[in-house]
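S.K.: Pasting a structure here, questions to come.
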Amino acid sequence: MLAIIGGSGLTEFASLEVSQRKRVSTPYGEPSAALTFGRIGGRPVVFLARHGDPHGIPPHQVNYRANLWALAECAPVGIVSVAAVGGIRSGLKPGDLVIPHQIIDYTWGRESTYHEWPDSPVRHVDFSEPFDPCLRQSLIDAAEATGAAVSASAVYAATQGPRLETAAEIDRLERDGAAVVGMTGMPEAVLARELAIAYAAINVVANYAAGRGDSRQGISLEAIHGVLDASMHRVRAIIERMLSAND
Ligand code: HPA
């Protein structure tokens, strides 16, 4: 079974034939929403809406530990995270798809480990490569098969939110080497690593990051929603293709 975490613009999957919606609880509290079990093109999946259903939980208040724990209990072969990002790297524009290969974490104050004293002794996981290479490659291959262009190399900057960044912050992220900026990639990715679940992400560039492109005049939330609505069918097609290739 593949697990999918849907972000802004992807609270449900039209092609998902739902068999069961299940509210679960975990030692870390409740996940953002009920787990939705079903099939896409005949293949079993479990879907979780990261920001709740209806969408309302801000990035810094998502219970990432509960979300990842609940999905881990389903013993998935991997987790695909879908999330909106702002485009920083020159050449990236709204509507583009990105499969990031690295992360820089600028978030703070989030519960970002399952190993907390005194309940559990310290554990240092290797996080040199934050995304699972095989799952990433499956996404890249599926994108190619659907004819969707994706940037397959991008550093994802995880910011705290919920506010968007200042133009100077984006300049700094660019100097740090970030290509895209989002608010949910961490601690999601590291919690998946702690649980030893393959994790990869597909990002939809929803807007130029602050101070870039038409965001020099400010960022329109309405425009972001328009871009996400118009782009998610390509994300769905990639995931559907990936599932059908993995048989
Ligand atoms: N910054 C951070 N997160 C985002 C953005 C952004 O510009 N767009 C969509 N998610």
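Backbone N, Cα and C atoms are what each Cβ position is placed from, and that goes for glycine too.
TrEMBL labels come from automatic prediction, so no person has curated them.
Not measured: the values here are computed from a predicted model.
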S.K.: From the candidates S8, S90, S138, S220, give the one listed by TrEMBL for the same phosphate site as R50, H51, T184.
M.R.: S8
S.K.: Can you grab the distance from E165 (site 'Important for substrate specificity') over to A209 (substrate binding site)? Cα atoms, rounded to a whole Å.
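M.R.: About 8 Å separates the two Cα atoms.
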S.K.: How many Å separate the Cα atoms of S8 (phosphate binding site) and M183 (substrate binding site)?
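M.R.: Here the two Cα atoms lie 11 Å apart.
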S.K.: Which one, from the recorded positions M183, A209, L221, has the smallest tally of other C-beta atoms lying within 10 Å of its C-beta?
M.R.: L221
S.K.: Using the alpha carbons only, what distance in Å do you get between L221 (site 'Important for substrate specificity') and A209 (substrate binding site) once rounded?
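M.R.: So the Cα of A209 (substrate binding site) lies 12 Å away from that of L221 (site 'Important for substrate specificity').
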